[in-house]
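In what follows, a single structure is set out as structure tokens and then discussed.
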Amino acid sequence: MRAVLTLYFLSFFHWDENLSTAVYHAFSALCYFTPVIGAIMADSWLGKYKTIIYLSIVYVVGHLIKSVGAIPSLGNQAVHVVLSMVGLFLIALGTGGIKPCVSAFGGDQFEEEHTSERSKFFSIFYLSINAGSLISTFVTPVLRGDVKCFGEDCYALAFGVPAALMVLALVVFIAGSGLYRKTPPQGNVLLEVCKCIGFAIKNRLKNRSREIPKRDHWLDWASEKYSKQLIGEVKMVTRVLFLFIPLPMFWALFDQQGSRWTLQATKMNADFGIYVLQPDQMQFLNPLLILVFIPIFDLGLYPLIDMCKFNFTPIRKMATGMILAGLAFGLAAIIEIKINETDMPQLVPEESLIRVLNLAKNPVQVTIQEKDLFQQPVETFQNPAEYSKLILNGEQQSLRFTLQHQGLTLAFNYTVKEKSVYSLIVFEAEGSLSSRLITDLEAKPENGLAAVRFINGLSQDVNLTIDSRKFIAVQKNYSPSEYSLLERDRYNNGKCITETGEFPLELGLLDFGASYTIVITNISGGAVKTWKSEDIKANNVHMAWQLPQYLLISAGEVMFSITGLAFSYSQSPASMKSVLQAGWLLTVAVGNTFVLIVAEAAPMAQWAEFVLFTVLLFAVCIIFSIMGYFYVSVDPEDLEEKEEKRETSSRGNMIGLVTQKTKL
């Protein structure tokens, strides 16, 4: 569902890119804050099985509301926004709530001695997640873009199909109820850890007097209320959680695949010859590459590094993953700069853009009052290379346009507004030269669509049929039509209907992100003759150029995410795994929150934002590497044993002997 979410905000709500990105990452952050709620519900109240069922129902209801909110004919914009936000909140509660329960519930089905079977289950579980992600990130954009409903992209279907599949999955899950081992709630460790830390801080603040003896560790101030075993385990966890502090920056970059990178893809050429990719389909590369990279890294790269006698510690792997993600964003910045080369120039106050389209039979010299433009005569049907900058003396200005044509001089007055784009149409009417000043698009069409308008050079009104869904009426005598937005395609089966009959209309290729003016010049040989001008250049950077950045960030994910989870688990006692899971998920939430803040609080050019994130991640990587350098890896069992020995030696000898005998 997230694969199409950014484009849904952009196209359906017509929000700008920054707001769309901010809401996308707010939703993503919420999805990673709510697992804490799910874990508390499962461990303290309902148990994992019931939590999965109840929150899956919430999940499905959220999807259904989201799907209904995407039906264009249902209410106004406010209704759509409210329904969508309610749906997203319920989805976040559902997906986040079951996140810590599903894998743990699967692990509960195995006895302690069945370690190999449990390991196989988790491998298949992880494979299933990535396979689902791979299929969905490819198929959901097809449901959105290739299927049309209500006359536009079918977001209702794109959101409805996941809802139906989730219902099916829930039915299958419930059908196996009698086969499952259901562990009753045993209290939430996360709450205990939070209470222990809170009490230690509170107790320390109460006892600030210099007369009170200092304690070895700030957590020792919780010893009045909590056992030494719990305090010792919390110490181990806080050491790892301290290492987690720099990690959100990696997720801030990683999760922009669904927002900023998708928006970048909308401004690129998606034609791969045999298939035209949707911009949001490029995200399927990440799960695909993950499935490819995991065996390559585990069976090839890491053993090769070991053979070279290089100590590639988990901290170094994670730092390398950060560097790869930073390099990916560096590449994204370079691509963004190349994409911007085909954009319209940024308009500033007291400035406009203008060009001349000469539709007359001979060259025309155009002069604009007090402006040094168009030094050479404009050739007939000459496609202007670019717009010329027109400097005004205020918000708007009345200008005198002089046309010289075959010894004749004609003058026309037009009012030109600042921050606007114009075309001066010069044509012959009733044996004399005439002109029109028409307004052009100020920016590229969004989402890779093509914009087209028509100028009717005939002496009769025409009705144009571009495809089965697009009908345009254009008045006679060089009147322009409004712009129409079309999918990128070849349109050679159109029709032009006039008073004298119906004629075939061929427009040729209307390319990604381009804007066209098509002039209907005459009818001859039973067909309409047209002349096509490209007002705004098509997207000329191919989407395949995003492949290197996806390669880098996917390799970075394998080295960072998988290694980080395994490392943090190895550094904590068994009873604290769930606390670390919550801490890890919260780093993802904080990373998404950071993107939301940058998008809304500090809007900037997109390439500059990519560079900012690159620099920030490199800086964080240095900090993390320094923290990792001073971090001493431990075996939780060894620490527990040392703690036990220290506690034993502090008691009487007799108690010590009994404890040692019991242990033996």
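Quick reminder: no glycine exception, Cβ is built from N, Cα and C everywhere.
Per TrEMBL, the feature transmembrane segment maps to 22-40, 52-72, 78-102, 123-143, 155-180, 236-254, 284-305, 317-335, 547-567, 579-598, 610-632.
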(request) Return the stretch with the most CB pairs under 8 A relative to the transmembrane segment (22-40), choosing among 155-180, 547-567, 579-598. (result) 579-598
(request) Compare 52-72, 284-305, 317-335, 610-632 by their Cβ pairs under 8 Å to the transmembrane segment (236-254) and return the stretch that comes out on top. (result) 610-632
(request) Compare 155-180, 547-567, 610-632 by their Cβ pairs under 8 Å to the transmembrane segment (52-72) and return the stretch that comes out on top. (result) 155-180
(message) Can you tell me which recorded stretch out of 78-102, 155-180, 579-598, 610-632 has the most Cβ pairs within less than 8 Å of the transmembrane segment (317-335)?
(response) 610-632
(message) Within the same chain, where does the transmembrane segment (284-305) have neighbours whose Cβ lies under 8 angstroms from its own Cβ atoms, ignoring anything closer than 6 residues to its ends? I mean 6 or more beyond.
(response) 127, 130-131, 133-134, 137-138, 257, 312, 546-547, 550-551, 553-555, 557-559, 562
